[in-house]
């Protein structure tokens, strides 16, 4: 039924377009167009009625049975609310979620489940098939058509995307449907009359603000998560984390978790494979007794540049295959973007508008100085730790406390990282970046700068101030191995132990409260939750989604790929900034990454709530961060080569000035080699550039054809009018 609606509306829309081109007033000059336009209005009214109902027209039986007797639609997003939420707030929020778009609503299906009031009210959200298709077009979702070409989906061209042997229900994946529901939630905007949240007079709203994010900020909405697909996750697990050396199923990962997570695992796998050459050379260095620092200095510089340039090329290839290569800073604004509602100059849509210069003023006049002050504070704390340690070493009566400064410094760094992360998030939010990619890029930049000081500055101090290569090798080995061991413990062993403890001791042994309603009630039992009097569909007591929502609600939420990329960033720095004094570092990195790859996969599938999928075209600010490390590796490796005592013993007649000039020249030569490699390796493969050029050409030809058709209709109309006038 939906398909018939859409096809008919498409045809009417085409006739409406013709009417508009010929300057008709809603088709008043053409009886046929006028009648079609009347049908269009009728269909629009029917569309509104369908959105008010819980189910699609396709779910209503041929016998005309009542819709309440049919099966509830699948749950795509679960929303848990604060147990103490006022009734007025609850009614207002549900009206916003299920209301019409023109009234500021999300046009979603809202269902409730019987629940212990102490845990809060739980809503299950879904949408009609028609809503999913409309939202997919509005979000400019990229889908593969019948001939295998990835292009933007439109409802008018639905038949081009759905093969004859595919049911309409299978067109959008569950991951895409979850993303659409979350997108509609995030874009429920406050209207002019919504000056505050009902029931909370102090929680003010301004026109255009994302209502759902405000409710999350103030704790009215406590959790939002999609449900796992047990069958799909079992199939994915067999191909992914249960195979130690098997190839990662990237396409299955993308369909289930989305492009952002898939790109991380792509990068992790690519980076690990490219470490094979440094590992081999590290083994050879252990067998060779001669000095190898000069060789490894030059090799690291060339290798790092090649790896990063090839990865950029590979990521562009993936982005083209996934249909994300065209994402720009002009994409849809993120939900927390603040600004006055107005027409977008490019899309013509009504969206929040804010001057870009205000963001730049906040970034460079406020945020940047604060970040540098924090970096300076971290540097001072590090130096104090070194000074105290040196003082203890020089005094024999305090020698037993020599390790105390390092322990205190480690604890202080951990505490500083926690508070600095909150500060960086607050500053980036306050800067008011328009898109999610811009927000992520600037937040990552702030965090990486601080982490660089904490993790690498001590190595710089040992290498170039103390100038002790043996101490540098020992410190590098300790930091690399210990940090990786701690991270693997915290990421794999600890979550499993916590989950086992919670399941065995807390949940199983929790005494039942006789005054608390049971989750699984018998049919007909009274619902004592705050949702009791609301006329929305309720899941049956034996619905398996209730148990699943409760279990997954207790899981830890996945905060994104930041910590995973940060781990690789730190490892990358350890391996290549100073690995010329410790070439075997690459072996420890490979060993860690193999465990990391399967451990992260297991966590995502079994220990975390299912994350919402995110569309990305590259690894964002992390690409720039790795490239900065690559450039710094030239400076550090040349500096280590300059300080190498073995190299100086080989040329005793060279003066200090000549040494400095020689290594400045070498540094510039290597920077030149890096630049040549950068411009020699194309960012996009040839076939991607040809495909993009072909697509651009086809778009231009389509616009030309459309323009010629409009001109022909206008001229035909003109000639008919002139002929009729002359005939009279």
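For all residues, glycine too, the Cβ spot is worked out from N, Cα and C.
The annotation domain 'Anoctamin transmembrane' is assigned in TrEMBL to 253-694.
Sequence annotations record features per position, and here TrEMBL assigns transmembrane segment to 263-287 (among others).
If you look up TrEMBL, you'll see 293-311 (among others) marked as transmembrane segment. Panel annotation: around the transmembrane segment (293-311), residues 267, 270-271, 274, 277-278, 281, 285, 576, 579-581, 583, 623, 626-627, 629-630, 633-634, 637-638, 640-641, 644, 646-647, 670, 673-674, 677-678, 681 of the same chain, lying at least six beyond its termini, place a Cβ under 8 Å from a Cβ of the stretch.
Taken from TrEMBL, the feature transmembrane segment covers 363-387 (among others). Tertiary proximity for the transmembrane segment (363-387) is limited to same-chain residues at least six positions away from its ends with a CB under 8 Å from its CB atoms, namely 405-406, 408-409, 412-413, 416, 420, 423-424, 427-428, 430-431, 442, 446, 449-450, 453-454, 457-458, 461.
The annotation transmembrane segment is assigned in TrEMBL to 407-427 (among others). Listed by sequence, the residues of this chain that lie at least six past the ends of the transmembrane segment (407-427) yet keep a Cβ under 8 A from its Cβ atoms are 366-367, 370-371, 374, 377-378, 381-382, 385, 443, 446-447, 450-451, 454.
With a threshold of 8 Å between CB atoms, the same-chain residues lying at least 6 positions outside the transmembrane segment (447-466) that come near it are 371, 374-375, 378-379, 382-383, 386, 413, 416-417, 420-421, 424, 472, 475-476, 479, 562, 566, 569-570, 573, 577-578, 621, 625, 636, 639-640, 643. Sequence annotations record features per position, and here TrEMBL assigns transmembrane segment to 447-466 (among others).
Feature annotation from TrEMBL assigns transmembrane segment to 568-591 (among others).
Per TrEMBL, the feature transmembrane segment maps to 625-644 (among others).
Under 8 Å from some Cβ of the transmembrane segment (659-677) lie the Cβ atoms of residues 298, 301-302, 305-306, 309, 630-631, 634-635, 638-639, 641-642, 648, all in the same chain and six or more residues away from its ends. What TrEMBL lists as transmembrane segment is 659-677 (among others).
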Q. Short question: which residues 6 or more past the ends of the transmembrane segment (568-591) have a Cβ under 8 Å from it?
A. 267-268, 271-272, 275-276, 278-279, 281-283, 285-286, 292-293, 296-297, 300, 303-304, 448, 451-452, 455-456, 459, 463, 469, 472-473, 476-477, 479-481, 483-484, 622, 625-626, 629-630, 632-633, 636-637, 640-641
